[in-house]
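A.B. asks: Here's a structure for you.
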Amino acid sequence: MESPPSSFSTFRSYLRALAQTPSRFAHRAPSVSSSYEELSWVKSRSGSNMHKSLRWYDLIGLGIGGMVGAGVFVTTGRASRLYAGPAILISYAIAGLCALLSAFCYTEFAVHMPVAGGAFSYLRITFGEFAAFLTGANLIMEYVMSNAAVARGFTSYLSAAIGIPTAKWRFTAAALPKGFNEIDLLAVAVVLTVTLIICYSTRESSILNMILTTLHVLFIIFVVLMGFWKGDWNNFTRPMNPNSPSGFFPYGPSGVFNGAAMVYFSYIGYDAVSTMAEEVKYPIKDIPIGVTGSVVIVTILYCLMAASMSMLLPYDMIDVEAPFAAAFSGRWEWVSKVIGVGASFGISTSLLVAMLGQARYMCVIGRSSVVPAWFARVHSKTSTPLNASAFLGTCFFLCTEYIFLFIRELLPMREGSLGSMCIFIDFK
């Protein structure tokens with residue numbers, strides 16, 4: 001089956017397509033493609049094929065890197081203090097089970113149809129092109145805006161870890177409006193570096209992610225061990241204030257489930273792994289192990305972190321802004337700096353995985369002719385969606401400076417604290 005001519009091939013073609021919008025919309029909106037079409041002529045619009053270089057351990061690394069960002073250092077304390085108490089580890093287990101069930105759905109689709117489109121392609125073959133378009137547009141906007149804000153958070157965490165004020169990394173551009181004239185050089189450098197890496201090679205991107213994720217997990221294990229070593233088992237059942245509800249379930253079952261709903265945000269990121277399905281060497285074997293394995297490992301890490309935090313302090317003494325850093329402050333300040341370094345690695349890995357995923361979303365959206373086919377091109381030498389990666393990397397570069405500052409004007413926060421990035425990291 002031959003692919004239809006692109007509406008973006010020439011300016012005249014675009015004007016003609018624009019005049020035919022009502023009829024074309026009525027025809028395409030409910031149209032449903034098949035998995036065979038997605039794997040054959042739709043995929044061929046990219047020209048070259050993406051190189052199948054990933055194995056199950058690469059997917060596990062990408063899944064962990066995408067999920068375990070800096071948000072867990074914030075949401076754990078907030079959910080424990082306000083909702084679940086020491087039973088926050090049960091909340092994480094429940095949220096992990098829900099994430100695992102969702103991961104099974106992604107796994108089934110990815111094995112059946114190993115293409116780079118992720119949720120966009122799955123919706124296109126089930127609910128039609130209009131539903132897929134809405135989802136794809138939402139995903140691209142989410143990735144660009146949230147990751148731009150997360151990149152700014154990298155500077156705050158690293159500055160707190162090494163003791164250099166955040167302002168030292170930024171300079172003020174006098175020509176720009178006040179409040180929108182702070183240029184974050186470190187965030188820009190991180191975004192450009194990650195963009196170059198994902199444009200160069202998926203395999204090298206996976207190796208870098210594996211290194212950064214391993215370092216981040218080691219920091220998490222260090223925090224867990226410190227909590228179990230310095231903590232008190234009595235804090236699981238005894239609050240500091242005698243008037244506070246006591247016991248392991250101070251707020252009952254409802255508090256546990258409310259806490260699970262809140263910490264579920266910390267699991268967001270495994271869906272990006274499904275966008276790598278087209279580059280997996282043995283999809284039937286590697287994708288189920290990679291996606292579900294990463295969710296299981298992250299659930300175990302989160303439960304251990306929650307237990308560690310509950311041992312460090314009674315739940316009614318936990319700082320909702322920066323629970324782990326506050327728990328060690330005053331006694332072991334150097335541990336707080338270690339936490340800042342670990343959070344910086346977490347931001348780096350989540351940014352890398354997200355940028356890999358969003359480029360593949362844009363590539364497959366280009367294959368469907370919803371956006372110009374230029375975005376669908378896969379470079380013959382790098383075997384990566386070079387055009388989509390470079391374009392979205394440029395969008396990140398711009399949004400890193402202006403989206404964050406715009407939202408900060410609407411939602412004033414204490415920039416530089418661990419809690420200041422909570423809304424952005426959770427949104428991601």
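Just so it is clear, glycine is given a Cβ too, placed from its N, Cα and C backbone atoms.
Dumping what TrEMBL says about this protein:
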type: TRANSMEM; residues: 56-75; note: transmembrane segment
type: TRANSMEM; residues: 87-109; note: transmembrane segment
type: TRANSMEM; residues: 121-141; note: transmembrane segment
type: TRANSMEM; residues: 153-171; note: transmembrane segment
type: TRANSMEM; residues: 183-200; note: transmembrane segment
type: TRANSMEM; residues: 207-229; note: transmembrane segment
type: TRANSMEM; residues: 249-270; note: transmembrane segment
type: TRANSMEM; residues: 291-314; note: transmembrane segment
type: TRANSMEM; residues: 334-354; note: transmembrane segment
type: TRANSMEM; residues: 386-407; note: transmembrane segment
A.B. asks: If we skip the immediate neighbours and take only residues 6+ beyond the ends of the transmembrane segment (121-141), which ones have a Cβ under 8 Å from one of its Cβ atoms?
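C.D. replies: Long-range Cβ neighbours of the transmembrane segment (121-141): 25, 28-35, 38, 109, 113, 115, 358, 361-362, 364-365, 368, 370, 392.
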A.B. asks: Sort out for me which stretch, of 56-75, 87-109, 183-200, 334-354, has the most Cβ pairs below 8 angstroms to the transmembrane segment (207-229).
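C.D. replies: If we count Cβ pairs closer than 8 Å to the transmembrane segment (207-229), 334-354 scores highest.
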A.B. asks: At an 8 Å Cβ cut-off, counting only pairs 6 or more apart in sequence, do the transmembrane segment (183-200) and the transmembrane segment (153-171) clear the bar of 3 or more pairs?
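C.D. replies: They do touch: at least three Cβ pairs between the two stretches lie under 8 Å.
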A.B. asks: Would you kindly list the residues that approach the transmembrane segment (249-270) from elsewhere in its chain, counting only those six or more residues past its ends and only Cβ-Cβ distances under 8 Å?
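C.D. replies: Same-chain residues near the transmembrane segment (249-270) but 6 or more away: 63, 65-69, 71-72, 75-76, 78-80, 83-88, 90-92, 94-96, 98-99, 102-103, 106, 239, 291, 294-295, 298-299, 302, 315, 350, 353-354, 426-428.
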A.B. asks: Which bits of the chain, at least 6 residues beyond where the transmembrane segment (56-75) starts or stops, bring a Cβ under 8 A of a Cβ in it?
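C.D. replies: Apart from its flanks, the transmembrane segment (56-75) reaches 150, 153, 157, 206, 209-210, 212-213, 216-217, 220, 262-263, 265-270, 272-273, 276, 280, 285-287, 289-291, 293-295, 297-298, 301-302, 305, 321-325, 339, 343-344, 346-347, 349-350, 352-354, 356-357, 418-419, 421-422, 425-426, 428.
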A.B. asks: Sequence-remote contacts (6 or more beyond its ends) of the transmembrane segment (87-109), Cβ cut-off under 8 Å?
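C.D. replies: Apart from its flanks, the transmembrane segment (87-109) reaches 76, 79-80, 118-119, 121-122, 248-250, 255-257, 259-264, 266-267, 270-271, 273-274, 287-288, 291-292, 295-296, 298-299, 302-303, 306-307, 309-310, 315.
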